[in-house]
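Look at TrEMBL and you will find 625-737 tagged as domain 'U3 small nucleolar RNA-associated protein 13 C-terminal'. What TrEMBL lists as repeat 'WD' is 99-132, 141-184, 185-226, 361-395, 406-440, 460-494, 505-546, 572-603.
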């Protein structure tokens, strides 16, 4: 449950979302290096690298998980179970579908460099090659033992060679001209995870979970060198030749390769000496080379995707595939250009809203529970289950680092509040039932200097149970606390560092989860697990208002309330689970929410836009009403009737019908006018007649229009109108006095 101050707005709309797009499995990058493809259950999501947005989503109709996929130059093929599907991913349309022939699901797949051949490795131990254009199986390669988890074409298509690996840990080299296995390259004693080829195609490096990498001479088909890397390797990439890579330890022209594995680091190796010449710490599991942009792409164990720029391996972008449960979220940066997110993790995530690129902050050793941001937006504080508090600072380039830390609570710290006037102190509340006030230094250490150690200037035994929430008043002179003991308390914050109790707010029947000061009035808001939000006067501690529904609840809905009438004026629905975090921007034109469903939603205030649209609509209505009046005056009844129907106002249409019937030769004029209407206009007219016919003052006009429609239109045409049968059945009880028309209606009904 979250409560926050928002100057009242009529409506908000979803501006953008950060949602899970990758939960493990295969990742691939498009040939133009602009898109990342990754599996997420039954979907393949397409992430645009420049914006960080999901631009396409390919999903099976039956919701079954995708077991493997491969990407060609312009198409993408996915496989689930025993079915292969080829997709035009830009149109999200399935262009071809055929049976995989494998007796059990496909485990691996890859295209050749021409995108005309597809190789699939099955869990049945067979490898099949497919002509993608003609959709038939060209080869059925047998001899592998168990699941074929790796298939890779030789990059030189003229050689017509395929490499594969299965449970026996050997690397099979297949000649596709003869469909024969030429050799089994034996070196690994555990699963082979990756292959990488030199530009000339004569050298190959293989990696495995047996903690070795092997350099192969493909001319002699012999191992040139075995390099012990001391960790299970998931990805290996041969570094490009004739490139200055001295920043990452490459000092010679010998063969070098880079690995990512179980120890979570990037390592650069010199093959000739088997030496590790550079280490780049990151929790990495998969590795790809992007030659066009001279970058490396890596996937971490936490489902994050990072892009590094060569030659220095500087982090260029980072995308978070899955954030788990979002516990708190705040706007960050001078223009609210970023958000900082606490998830069910000891790490913090800072997202740039423009690109969704993420910086991960390390420091806490247990789950971060909540956050608060100082007024200027470049400084924020966090607290965690590790009993600690940390202060973080964002520089002009958007990079964040920890500048201060403190730890003197004896239990988890679940609430934090920053000073409002200037960045001078923070207040924390803990499960140890205490509230602490921490002074901040006048200047924080610069990059490279030691982190400032915070000390608490005041500690107060505030409640009998956990302190769930603390809030500092806008003038920095008052402090409010809310506790599991069902009370909220008001405290004075004096300049000498003392904290004094001013009063207790009693009335909640269950624990108080959040407290918040009004920015304009002497009022405190508190929300509780009893399902109420209460407004309290700071002068006499009396309850001024009780709102019976929470502002943000466990149903995932965000509600906007008017305090004056206790009325919920808007319900915003974008989450599927509890909303734990809510924060308005400094300009009050946006807000951000974070939920247990792992989604983060940025909302924009659209009140002014909607008012402008409504005003424009009203002005348009006035102009059309004036035009209608002019048409009636000029007796241009067909245009008048068409215009009235376009306004979708039955009473206005009735006015035109009455005007037609008041003139000379009204029956012929009405018949001529109605029959010239378009089909959709006649459909609307029939709907209006069903309404008019129930009113004694208007029934004659309705009957006159019905006379025209039922007499001149065939029943088959009328029954094609939307809701025609319902409208006609509704007309029968009111049309009994006109026998001829009644007979028409009964005949229609019998159809």
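Just so you know, glycine gets a Cβ as well, placed from its N, Cα and C.
Predicted, not measured: the structure shown is a model, and the values here were computed from it.
Mapped onto DSSP helix, strand and coil, the repeat 'WD' (572-603) counts 0 helix, 18 strand, 14 coil. The residues of the domain 'U3 small nucleolar RNA-associated protein 13 C-terminal' (625-737), classed with DSSP into helix (H, G, I), strand (E, B) and coil, number 84 helix, 0 strand, 29 coil. Broken down with DSSP, the repeat 'WD' (460-494) shows 0 helix, 20 strand, 15 coil. Residues 107-114, 117, 119-123, 125-129, 190-195, 197, 201, 204, 206, 208, 210, 218, 221 of the same chain, all 6+ positions outside the repeat 'WD' (141-184), place their C-beta atoms under 8 angstroms from a C-beta of that stretch. Secondary structure of the repeat 'WD' (361-395) per DSSP, as helix, strand and coil residue counts: 0 helix, 19 strand, 16 coil.
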